[in-house]
Amino acid sequence: MTCRRKPQTAFILSSLFVIQRTCTNMFTKWFTCVSLTVFFQIKHFEVMLMSLFQFTTRRLVSQAYCGLKPPSSKKQRFCLEMARPSSNMADFREVFAKAKHIAIITGAGVSAESGVPTFRGPGGFWRKWQAQELATPEAFARNPSRVWEFYHYRREVMLSKHPNPAHLAIAECERRLSKQGRSVVVITQNIDELHRKAGTKHLLEIHGSLFKTRCTNCGNVTADYKSPICPALAGKGAPDPEVADAAIPVEDLPRCKEDGCNGLLRPHVVWFGETLDADVLTEVEKELDICDLCLVVGTSSVVYPAAMFAPQVSARGVPVAEFNMEATPATNRFRFHFPGPCGTTLPPALARHETELIS
């Protein structure tokens, strides 16, 4: 069953985006960003209800079928497995061969296979702080030197990392299919730019990039790959707990190069407590509306609003395939699930299909 967005819902969404992009009042911009976040949460709730309805209907039908007689263990097992996603690669490849617009949503699991620290879980510390304590506007306001040390360390680490087979398979697939008039878009939660380094062109970075800065004064966004990003950070940022803060004077931290500005720069990433960029969300929404196949790769499906993207696609009847080390809260809403390292499972999934023309 295909679920179409109600006209009034689309009107509300588009109105919020227009207001957010055109208004000059900062409170209004903040309010509309919050409204957009709430909207996506509500939209996710609607998807959850639809998924629950579909699951319940499927279960009732299977119970009615299997309940005609006291079920044998084999029949009972068949009923219970009806709702499980498939791991049949041949079936996925048939769907892949017919898809014209493929959306690939990626998360930290893809980068982890390149040796990128995730700063999550019991060992996810930089010095004595977890990322959630440093990646906030409040932390930056209190101690911009410490936050810049943290991000300088992450930038330096990423300069030594390379795309893994999953990144490369996605980029190669995009290049190949573009020659056939088919499109691939990568919607990533990662800020490490490994997709870009692999060669991906059509890339939407919903959480920003480690290698971009934004001026806290004029708002200018600039790509910056210098190492170090400023002289004062040279040799700083060691993650060991016993290392003391460098306490770099704020005037020596990265500064804006725009004429007459000289404002303090911050990493152009979405911090905890901040809303996603409305223009990026508009592009994401557009791509998810037209995709006829969606892949979810290396993501836990617990970070919102990104966690609702694939269920939203699945709710309108589009095949969704999950590639992850383990099952996630969203796994049973998808048609396919392929467990294991993405660098192992993804390349054969995206390889040239026998029906593709060689060019």
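Note: Cβ is positioned from N, Cα and C throughout, glycine not excepted.
Per TrEMBL, the features are as follows:
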- H207: active site, proton acceptor (ACT_SITE)
- 107-126, 189-192, 298-300, 324-326, C342: NAD(+) binding site (BINDING)
- Y151, R154: substrate binding site (BINDING)
- C215, C218, C256, C261: Zn(2+) binding site (BINDING)
- 82-356: domain 'Deacetylase sirtuin-type' (DOMAIN)
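Sequence-distant contacts of S111 (NAD(+) binding site), defined as residues of its own chain at least six apart whose C-beta falls under 8 angstroms from its C-beta, comprise T118, K161, N190, D192, L194, G298. Looking at the domain 'Deacetylase sirtuin-type' (82-356) alone, the prediction's average pLDDT is 95.
Distance between Cα atoms for F119 (NAD(+) binding site) and C256 (Zn(2+) binding site): 28 Å, as a whole number. For the pair C218 (Zn(2+) binding site) and H207 (active site, proton acceptor), the Cα-Cα distance reads 20 Å.
Other residues of the chain with a Cβ within 8 Å of the Cβ centroid of C215, C218, C256, C261, the Zn(2+) site, are T216, N217, G219, N220, K257, E258, N262, G263, L265.
Here C215 (Zn(2+) binding site) comes close to V221, C256, E258, C261, G263, L264, L265, R266: these same-chain residues lie at least six apart in sequence, with C-beta atoms under 8 angstroms from its C-beta. Note: the CA-CA distance between G115 (NAD(+) binding site) and R154 (substrate binding site) rounds to 12 Å. Neighbours of M325 (NAD(+) binding site), defined as other CB atoms within 10 A of its CB across all chains, total 15. Straight-line distance linking the Cα atoms of Q189 (NAD(+) binding site) and the residue listed as 'active site, proton acceptor', rounded to a whole number, equals 6 Å.
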